[in-house]
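Undergrad: Sending over a structure as structure tokens; questions will come in a sec.
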2 protein chains.
Amino acid sequence: MIGTELGDWRRTIYSNQLDPSMDGKEVVVMGWISSVRDHGNLVFVLLNDKEGQMQITAKAGVCPDEIKESLVKLKEQSTIAVKGVVKPSAKAPRGVEISPSELRVFSIVEKIAPFQWQTKTVPNIDTRLELRAIDLRRNILQHIFKMRSLVLKSIRDYLYEKEFLEVNTPKMIATATEGGAALFPIFYYNKEAFLAQSPQLYKEQLTLSFEKIFEIAPIFRAEASRTNRHLSEAISIDLEEAFSDYNDVMSHVENIIKKSIKTVKDYCESTKTTDYIIPEIPEKIPQYTYTELVDRMQKAGATTKWGDDLYPSQLKKINLSGFYFIKDWPLAPKPFYVKAKGDDQKISESFDLMFGDLELSSGSTRIEKRMELEERMKNKGFKLDAFDYHLRVFDYGVPPHAGCGIGLERLMMALTGTENVRDATFYPRDVDRLTP
Amino acid sequence: MIGTELGDWRRTIYSNQLDPSMDGKEVVVMGWISSVRDHGNLVFVLLNDKEGQMQITAKAGVCPDEIKESLVKLKEQSTIAVKGVVKPSAKAPRGVEISPSELRVFSIVEKIAPFQWQTKTVPNIDTRLELRAIDLRRNILQHIFKMRSLVLKSIRDYLYEKEFLEVNTPKMIATATEGGAALFPIFYYNKEAFLAQSPQLYKEQLTLSFEKIFEIAPIFRAEASRTNRHLSEAISIDLEEAFSDYNDVMSHVENIIKKSIKTVKDYCESTKTTDYIIPEIPEKIPQYTYTELVDRMQKAGATTKWGDDLYPSQLKKINLSGFYFIKDWPLAPKPFYVKAKGDDQKISESFDLMFGDLELSSGSTRIEKRMELEERMKNKGFKLDAFDYHLRVFDYGVPPHAGCGIGLERLMMALTGTENVRDATFYPRDVDRLTP
């Protein structure tokens, strides 16, 4: 009888730890089947675990018949455990094959997935997303999400080193942060509420209590855009720092980008992966002023006027590539909390971090004085009453502060050359997709 | 003229880096005023930054008159920067005072907060929550949230070390995870959707693709409980592991608890803080079966019957204290994905981690076979169609797996002796509170 339950079996070794010097050693390996080849007296099964691939070789006369017969019948993606003995084998992965003596089959697969785990590109992304958990077994995605986890770790390590405090701010809020557009409404018991499109006002308040804070958490935007770079739910890396301005924040962002590229480079080197287009670590990320770029764009034939947003289609005309900052944006279209640059009420202390024509991060110096903030809000037509919970904090000594948000999924696109933001997201959400 | 803008000033030193050997050194310090004492020719200002407290001493004849006069007028909590010279002073914090030569006042406070920053207990928590950002300046909360950030770091470090992958699962979902109760409905474009009350089904799916995963993220529960231990939005530390059962998960939880206690102990020692009741690091966290405890409770006069939930009021009768596991709960009331213990369909492979009568974590071995899962769902009256996106994954080799969720805020209550879960939450959300 082939067992079907885990019981007291535990994996003793991962595929990447196997090597020919273990000749004769008994091991227990577990994973999912990536191929079965039946040569009659010899059956080769390739088994994948989270660290790689290994070969199970069932040889008639050596391997119990019952096991050999079970293995032959198993379809790709079935999940099993094998107890067996390590033997050197020049042709097998890592020069090792496992000769099975016991088998447990946890999960028998009957169906064939509409895409294969080795495939790099599948024509229709929806086919994949409908079976996302299985799609995520594909090598090309496995690496992206392993790098994503490492990049998150390296960013947190940077922020801890710089003595930022990790915080969590509420995602269910009473008032829109930056106006009423693009919000998901919720029923909060008997009240109307919204999902937070950014932790903006909370993180500003927390500079008063903790000076330097960061949050890595979901943000929610009801933007009906159907593009390769917009999500309805995304992970935002938010930081905010007291007693600093947008230049200090750009310097943090630059350090974070450099560390993240290094993390991805190191991963690809150590796993010998060459499937990704990784940017070079820049010595210094160039900074262009908005005004300077509009000038250049106009000379290149763009229709952009001073004051307009810089759309990818127009930005493309001046062919900026890699990472760069666009700073000193016009003040008027900026949110109410963004500070003017010195006495010039036309320009703001703000920046976007770009990668080619993709916006990765947006930041600014914020207003710390209540009067100034109220003035800006009134000019923008906000009702001050709705923001009383925020404004009252400014009566108690809010420090000068600055901060930014970095889009994690877009950052991963830039770091790996991934073209669709959905492939840097475990279960993407957009205007057409709420499942799985 | 006293400046009011940060401009090109930057802090050169934090309060905790000052010492008498710096005699004569010019420094720039920044922070908020915690007291002003005016002795005519001498004005003492205590200034707090995120690392502690320092003294500014303005002496007539030494300090420019304009600065001395400004300082005298400033109210508590105002935020300022001081350029000045370090002088030894036996009576001042860290044996140092700063003699100011320049001053910038960023934020003048006119109001007096309804509680003081030194106060340990404020009778009405709502008074504090209405001004939460200012409340968080209180020492007693400062420490809790600094420890919270360190505990998060130590938990992530443990999970990275054990090779768990960090994931993010969607918070906007189409179907209720464990039935329809306690969900916040949202408008998702033109569809109805819900806020996720747990990442349960997603993290189970991801064991198929990544084997060992964790997520630290908000969960949303529309429970109208008015208690000191329930929140409508909380941070859940979720982990899920392939090829393991609930015993393996209990072992991770035990390690996490030990590491977390050590983190809190180390923090309190290094900051010489004695305001918190920190549990001892247990050599081994005791494990009691549900059946065993019901027996003991009945003998102690509890009305609890086998099959009932164990309510704090009844659990109290047997006086269990500190951390302990209750395992092998009755299967019937458990969610559909929880596995039976061997062939005994009455008992489940499940556990709760308790601290006294407070539940901190809940975990179990999960079902990995589609037939078994469907059977359980049908018995519970679920419509299988609504779970098609989940069930179809089980056609492609879901491994045996187990996992748990740990409530971060409750963990912090246990680690610090904090009585109200709201004081381990930056901006708590409950049935009565959606602001600030």
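Each Cβ is built from the backbone N, Cα and C atoms, and glycine gets one as well.
TrEMBL entries are annotated by machine, without manual review.
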Undergrad: Where TrEMBL shows B:Arg221, B:Ala222, B:Glu223, B:Arg229, B:His230, B:Leu231, B:Gly407, B:Leu408, B:Glu409, B:Arg410 binding ATP, which of B:Glu269, B:Glu280, B:Glu359, B:Glu368 is named for the same site?
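TA: Only hit among B:Glu269, B:Glu280, B:Glu359, B:Glu368 in TrEMBL's ATP site, alongside B:Arg221, B:Ala222, B:Glu223, B:Arg229, B:His230, B:Leu231, B:Gly407, B:Leu408, B:Glu409, B:Arg410: B:Glu359.
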Undergrad: What range among B:128-131, B:132-135, B:188-191, B:200-203 does TrEMBL describe as region 'Aspartate'?
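TA: That would be B:200-203, per the region 'Aspartate' entry in TrEMBL.
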Undergrad: Kindly assign B:His230 (ATP binding site) to one of the three DSSP-derived states: helix, strand or coil.
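TA: In three-state terms, B:His230 (ATP binding site) counts as coil.
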Undergrad: Could you state the CA-to-CA distance between B:Arg366 (L-aspartate binding site) and B:Glu223 (ATP binding site) to the nearest Å?
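TA: Roughly 25 Å, rounded to the nearest whole number.
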Undergrad: Taking the Cα atoms as reference points, how far is B:Pro93 (site 'Important for tRNA non-discrimination') from B:Leu408 (ATP binding site) in Å?
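TA: Given the Cα positions, B:Pro93 (site 'Important for tRNA non-discrimination') is 35 Å from B:Leu408 (ATP binding site).
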Undergrad: Treating G and I as helix alongside H, and B as strand alongside E, what does DSSP give for the region 'Aspartate' (B:200-203) in helix, strand and coil?
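TA: So the counts come to 4 helix, 0 strand, 0 coil.
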Undergrad: Taking only same-chain residues 6+ apart in sequence, whose CB is under 8 Å from that of B:Ser362 (L-aspartate binding site), what do you get?
TA: B:Ser350, B:Phe351, B:Asp352, B:Leu353, B:Cys404, B:Gly405
Undergrad: Give the number of CB atoms, excluding that of B:Arg366 (L-aspartate binding site) itself, located within 10 Å of its CB.
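TA: Looking across every protein chain shown, the total is 26.
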Undergrad: Work out the three-state DSSP category of B:Arg221 (L-aspartate binding site).
TA: coil
Undergrad: For B:Arg221, B:His230, B:Arg410, listed as binding-site residues, tell me which one has the smallest number of other Cβ atoms within 10 Å.
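TA: Taking B:Arg221, B:His230, B:Arg410 as the binding-site residues, the minimal 10 Å Cβ count falls on B:His230.
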Undergrad: Excluding near sequence neighbours, so keeping only residues 6 or more apart in the same chain, what lies with its CB under 8 A of B:Glu223 (ATP binding site)?
TA: B:Ala182, B:His230, B:Ser232, B:Val431
